[in-house]
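Per TrEMBL, the feature region 'Disordered' maps to 409-431. Feature annotation from TrEMBL assigns transmembrane segment to 30-49, 61-82, 137-158, 221-249, 261-279, 291-310, 316-338, 350-372, 378-401.
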Amino acid sequence: LAQSLFALFASSLAISLVFAIIPLCHNVVVLAVVMAVAGLAMGCIDTISNMQLVKIYQKDSAIFLQALHFFVGFGALLSPLIADPFLSDTNCILSNSTANASSNLPHIRKSLVPHHPGNLSHYDLPMKGMVVTRVSYAFWIMALINLPVPIAVFFLLYKERMGPCFSSHPLLSADELAMETRPAEKEDLSATVQRPRAAGGHDDLFSCCQSKNFRGASYTYFAVHITGALVLFMTDGIVGEYSGFIYSYAVEEPLSVVHKVAGYLPSLFWGFITLGRLISIPVSYRMKPATMVFINVVGVLITFLLLLIFSYSVVFLFVGTASLGLFLSSTFPSMLAYTEDILQYKGCATTVLVTGAGIGEMVLQLLVGSIIHDQGSYSFLVCGMIFGGLAFTFYAFLLFFHRMYPKPSSDMDGASPDKPAVMDDTGQYQR
């Protein structure tokens with residue numbers, strides 16, 4: 001936990017620094033390096049926060065994962081609203097041709113679509129002059145908004161006396177404190193506490209990468225990891241490509257939606273993702289993660305099918321966008337909870353699933369963009385339908401491998417309410 005908190009502190013602090021530096025980058029290479037650092041920090045935060053919630057809360061982790069990803073969607077919805085007042089409606093550079101350039105901007109925006117972009121060479125935009133953009137303020141505001149996060153993590157490290165810079169011993173956890181009040185069971189319980197620590201398997205942040213953990217593992221162990229990652233590869237890829245290209249699809253024929261109206265579609269999509277994750281917090285308390293994932297992938301498939309059938313309806317495009325956001329909203333946290341439940345909450349599956357989701361979000365956007373450019377805007381929905389079908393197929397394989405996966409021996413023991421609490425291999429109390 002100390003290693004994870006230090007990594008979260010460094011990553012969240014790096015994001016504030018990056019956002020403060022971005023407006024000062026006057027070289028594209030420097031900007032690329034800074035953005036790479038930001039991506040690395042965000043990847044660390046994504047992986048570690050999901051993994052630690054799973055390992056700490058175990059069977060209750062589904063609720064906390066839904067809450068975590070609600071704030072992910074809320075941030076994606078909020079940040080454009082913060083930046084919007086600082087975006088210029090005219091050209092950002094003042095020169096003698098500013099008035100002419102400002103009148104050209106709507107035509108340029110209309111030409112900048114993935115499918116057969118128009119010839120922009122005849123539009124005159126000034127490249128030299130006084131810069132009047134205020135977008136730098138948006139980056140600095142986001143840097144300040146993020147700054148309380150590393151401060152809070154550092155305060156937690158200080159409070160728990162974790163790390164070499166704090167000389168005192170770590171504070172007792174709630175479970176260890178309870179042991180101190182029960183001297184009759186103290187020796188037995190202290191032995192069980194020391195056992196997992198001596199093993200060292202869960203104290204190391206990178207214990208999942210050790211080859212000794214794979215020795216003797218059945219093929220279903222790897223199959224659960226792979227199929228779970230493939231489901232998130234498809235669903236998170238759909239989130240990325242849909243939010244990235246729905247505007248371009250809407251302004252193209254046959255819909256030809258007005259540009260300002262089409263601009264509301266990505267916001268609508270992320271708004272319903274955020275709403276869906278908020279709804280999923282109480283729902284996950286009543287419904288199993290496996291059931292939630294099934295509803296999600298089936299809902300995504302049906303929504304894309306209806307979008308294809310009613311492809312000429314602007315009204316249904318908005319309805320379908322909202323529906324797709326709702327069904328995709330809880331897929332990621334529900335899949336994490338379901339997969340870790342199969343694999344006994346070791347935290348290793350979380351790393352694989354987060355990586356698979358990130359790769360899908362990157363690769364499918366690139367793939368769909370090139371297909372739309374070559375085949376036209378209608379292929380946007382066809383790609384979504386194919387990805388939804390693949391997600392459902394991989395989920396069916398995951399259910400199959402779940403049935404084949406060997407049950408842990410602890411499940412065979414008779415659970416009795418009178419049975420004293422003992423520590424399992426993950427350091428958590430069970431009855």
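Numbers here mean position along the shown chain, with the first residue as 1.
Every residue, even glycine, has its Cβ placed from backbone N, Cα and C.
In summary, the transmembrane segment (261-279) does not lie against the transmembrane segment (378-401): fewer than three C-beta pairs, each 6 or more positions apart in sequence, are under 8 Å.
By the Cβ criterion (distance under 8 Å, sequence gap of 6 or more), the transmembrane segment (378-401) is counted as touching the transmembrane segment (291-310), at least 3 such pairs being found. The stretch in 221-249, 291-310, 316-338 that contributes the largest number of Cβ pairs under 8 Å to the transmembrane segment (350-372) is 221-249.
Sequence-distant contacts of the transmembrane segment (316-338) (same chain, at least 6 residues past either end, Cβ-Cβ under 8 Å): 50, 54, 61-62, 65-66, 68-69, 73, 228, 231-232, 235-236, 238-239, 242, 246, 250, 255, 257, 265, 268-277, 279-280, 283-284, 288-290, 292-293, 295-297, 299-300, 303-304, 306-307, 310, 349-350, 353, 357. With a threshold of 8 Å between CB atoms, the same-chain residues lying at least 6 positions outside the transmembrane segment (61-82) that come near it are 49-50, 53-54, 138, 141-142, 145, 267, 270-271, 273-274, 276-278, 280-281, 284-285, 289, 329-330, 332-334, 336-337, 340, 345.
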